[in-house]
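Please read the structure below before turning to the comments.
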Amino acid sequence: MATSQRKILVTSALPYANGPIHLGHMLEYIQTDIWSRYQKLRGHECHYICADDAHGTPIMLKAQQLGIAPEDMIAQVNKEHQQDFADFNVAFDNYHSTHSEENRLMASDIYLKLRDNGYIKSKSISQLFDPEKSMFLPDRFVKGTCPKCKSPDQYGDNCDSCGATYSPTELINPKSAVSGATPVMKDTEHFFFDLPAFEGMLKEWTRSGALQVEMANKLDEWFEQGLQQWDITRDAPYFGFEIPDAPGKYFYVWLDAPIGYMGSFKNLCAKRPELSFDEFWGKDSTAEVYHFIGKDIVYFHSLFWPAMLHGSGYRQPNSVYAHGYVTVNGAKMSKSKGTFIKARTYLDHLDPEYLRYYYAAKLSSRIDDLDLNLEDFAQRVNSDLVGKLVNLASRTAGFITKRFDGKLAKINDTTLTEAFLAKQDVIADFYESREYGKAMREIMALADIANGFVADAAPWQMVKHDDQQEAAHQVCSNALNLFRILVTYLKPVLPRLAQDVEAFFQLPLTWDALSQDLAGHEIAPFKAMMQRVELDKVNAMVADSKDNLQVTADAPKTAAPEKIAKASSVSSEPLVSDPISETINFDDFAKIDLRIARIVKAEHVADADKLLKLQLDIGGETRQVFAGIKSAYSPEDLEGKLTVMVANLAPRKMRFGMSEGMVLAAGPGGSDLWILEPHEGAQPGMRVK
C-alpha cells in the first residue's frame, strides 16, 4: 500500500488537429499512459488529460483546401484521434480541444494577467506580406532556409532540423506558402511576451530537477545566446482566439496550445465537482503536475510555458519529460517504404498490446530515439509475451480445471513467491522513473525463472502417477500464482491482457494484493489470451502503409482501381498516334497562365453526354469550368482533388453556362483520361512554371 496518496496531473503533448495519429505519435501516449496507469495501480489520485491542438495557420489552410469550415474539420479529426487512442487502450481521464470556451477564457485570463503585470509589450514590426494575396504572412505561411543551421524548406517559426525558433523575417530566401511569391516587408502592430524578464527564474527552475540533464544542458546554450521577446500575435486571417482589446489580432497557436492542458482540466472539473482546479494549478498547489513531450518542443515547454505560468500567478510543472523520435528499421519513417504507419493501419492488422509492450521494453528516462525494428518486434513479442508469459498459464491451468475442480492449492513452499514479491520495489522504482525497459527486463527474468520451475517439475508427468497428484496440484498452483504476480506487474503496460487475466482468476489484480493467499480459490477455465505475431500480418501492414500514399488528407478520394489498372495498359508509344505539335517560342508559352486548382464541387450537366460542371478554388477565387471528362470520372471521384487549370483562357459562353477556364487531362479519350494531379504540397492559386 502506498504510504500516502499523491495528487497527480499528467499530460501528453497535444496532437495537431490536421491529420491522423501515426506510430511516432503513439510512443508518447503509450509512455504517458503506462506512467498514469502505474500511479493509479499504486492507489494515487492521478488524472491523465490531453486535447487536440486545434488552432493555427496549417489548420486554416487545410480547411480551405477541403472546402469546409475549420470547426468542422477539427471536430472530425478529434473524433478520429479519440478512437485511435481508445483502441490503443490509452485511458485519458479527459480529452478535449484547444478550440473550446474553457481554453479561450484561460488564454485570455493568462494574457490579461501578464499584461497587467507589465510582461506584454506592444510595438510596430515589419512583417512579411504577400503582394499577390494582399495579406500578412504568419510563420507557417512562409518557408525558406533556417537562419541558424541553414536547412532548406523550413517554416517561418521554428526549424524541424535544429529546433531553433525565430521570426519569419529571419528566414533566408523566404517564399509565400500561399502564392509562391517573394514576400515584401510591411509594418503591423504586434504584442510580445517579455521572456528575458524571467531569465533568473528560468535558470533556477531548469536546474531544479524539473528537466532531464540533456534538456537542461540544451537550455544553457539558449541562455548563452540570450532570450528574446516572444511575438505572441498573428494578424487576420487566422484560426484561433482573438486577443482581448485588439480587433484583428490573434493569439499565436503556441500561446494557447499549452494552456490547453489547463482548459482540458477545467473541462474535467466541470464534469467532476469534487475536483478543484486551484488545488492543481494554484500558485501554492501541493499537487504534482507532469508533462510528457517530444524533444522537438522542448523550447516551448521549458522556457515560454513556465515563464507564462509564473508571470500570471500560476504554479510551474514539477517536471517536463522529453522523449526521442521513433525510427522504423533503423531509418526515419518513410511513406515510400511503408514504414510511415498510421495508428489505424496498425490496428487493422495487429494487437495494440504488442506495440505497447515493445515500446515499453525499449523506453528509458533518456531522450534517445527508439527504433521499431519490425523483425525484432515480432520476435520479442512472440518470445516474451506468448512464449514466456502466457505460456506459463497455458501449460498449467488445464490441470487445475480438469483434475482439481478448478481450485488452487495452498502453496507449501513459498520460496519462489517471496522472491517474486521481493522485486516489487525495484520494479516500482523503474516505473516511477520511466525506466520501463529495465522494468520489463526484471519481469521477464522472473518469467524465465517461473518457466524453468515448471519445466523442471514437469506436472504433465506427475499427473500420470496417483502418488504425485498433490505435488502436481502444488506445482500448477504455484505457477499460476507467479503468473498472477507477473501480470500485475505488467498491468500498466498490458491493460487488456490484465483484464483477461482478472476474468481468469475471477478477482482484480492490484498492487496491494500481490501477496494475497489464493488457497482454495476457484479459477475460470483457461482461454487463449494472446496470439503470436505473424510476419505476414506485419508485411500486410507495411503494404497497406504504402497504399496509403495515395490517400492523403488533401485528396481523400483516389481514382477507381479499374482506372489505375487501365493506366498501365495504355499504349507505351503514344507519340506514334499523337505526335508532338509544331514548335512554339517561349513568348507564346509565357502567355498561358497555369494555376493549381482544387475541385470544390463536381456535378453532372443535364443533357450533356461528355461534360461535368466543376467549381474550382484557385486561392481566394472560384471558377466555373465545364470539362469533357464525364466518360472517365464520376463527380464523387473528383471532389477534393488538386488539378491544373488554364486560368487566363477567355471565358466561353456555352448553352449550359459560362466556362471560365480549362482543366488539363492526359490520355487518348473516352474512359482513358486522367486529370493532372500535382504533388500534395501544392496550394490552390500557385502558378505552374
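Just so it is clear, glycine is given a Cβ too, placed from its N, Cα and C backbone atoms.
Annotation source Swiss-Prot lists motif ''HIGH' region' at 15-25. Counting residue by residue with DSSP, the motif ''HIGH' region' (15-25) contains 3 helix, 2 strand, 6 coil.
Classification of Cys162 (Zn(2+) binding site) by DSSP places it in coil, neither helical nor stranded. Marked as Zn(2+) binding site by Swiss-Prot: Cys146, Cys149, Cys159, Cys162.
Here Swiss-Prot flags 332-336 as motif ''KMSKS' region'.
Within 10 Å of the C-beta of Lys335 (ATP binding site) there are 13 other C-beta atoms, taking all protein chains into account. Per Swiss-Prot, the feature ATP binding site maps to Lys335; the stated evidence is sequence analysis.
Marked as domain 'tRNA-binding' by Swiss-Prot on the basis of sequence analysis: 588-689. Remark: secondary structure over the domain 'tRNA-binding' (588-689) totals 7 helix, 46 strand, 49 coil, with classes taken from DSSP.
Break the motif ''KMSKS' region' (332-336) down by DSSP state and the numbers are 0 helix, 1 strand, 4 coil. For the motif ''HIGH' region' (15-25), the residues of the chain that approach it from at least six positions outside its boundaries are 50, 52-54, 56, 58-59, 62, 73-74, 77-78, 80-81, 84-85, 97, 325-326, 328, 333, 340-344, 346, 355, 372, 553, judged by C-beta separation under 8 angstroms. Secondary structure at Cys146 (Zn(2+) binding site), taken from DSSP and collapsed to helix, strand or coil, is coil. Cα separation, Cys149 (Zn(2+) binding site) to Lys335 (ATP binding site), rounded: 26 Å.
Apart from the site residues Cys146, Cys149, Cys159, Cys162, the chain places the Cβ of Pro147, Lys148, Lys150, Ser151, Gln154, Asp160, Ser161, Gly163, Ala164 no farther than 8 Å from the centroid of the site's Cβ atoms, the recorded Zn(2+) location. Cβ neighbour count for Cys146 (Zn(2+) binding site) (all protein chains, 10 Å cutoff from its Cβ): 22. Here the binding-site residues are Cys159, Cys162, and the one whose Cβ sees the fewest other Cβ atoms within 10 Å is Cys162.
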